[in-house]
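Straight from Swiss-Prot, the features:
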DISULFID  Cys23-Cys37  disulfide bond
DISULFID  Cys30-Cys49  disulfide bond
DISULFID  Cys36-Cys64  disulfide bond
DISULFID  Cys67-Cys74  disulfide bond
Amino acid sequence: EIAQNLGSGIPHIRTKLPNGQWCKTPGDLCSSRSECCKAEDSVTYSSGCSRQWSGQQGTFINQCRTCNVESSMC
């Protein structure tokens, strides 16, 4: 199974969330977009929490993802 590119190589801004925890990086499990770190280049890249298939778990999971806004995969 080929792992999906979740944008882990794209520079992002590490910020503390209102709950005191650090934002989650691409590939981390999430429940909402606000938990995910934003890309440094917010014009070129979009960040969010998206549903991905996990072959390991045999179910869908939500993971932080950063992708190019011009990509059809974003």
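Backbone N, Cα and C atoms are what each Cβ position is placed from, and that goes for glycine too.
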Neighbouring disulfide-bonded residues, C-alpha within 10 angstroms of Cys30 (disulfide bond) - of Cys36, Cys37, Cys64, Cys67, Cys74: Cys36, Cys64
Three-state secondary structure, which DSSP defines for Cys64 (disulfide bond): strand
Of the disulfide-bonded residues listed as Cys23, Cys36, Cys37, Cys74, the one whose CA lies nearest the CA of Cys49 (disulfide bond): Cys36
Candidate disulfide-bonded residues Cys64, Cys67, Cys74, pick with smallest Cα gap to Cys37 (disulfide bond): Cys64
Cys64 (disulfide bond) CB neighbourhood, other CB atoms within 10 A: 24
Distance, Cys74 (disulfide bond) to Cys36 (disulfide bond) (CA atoms, angstrom): 15
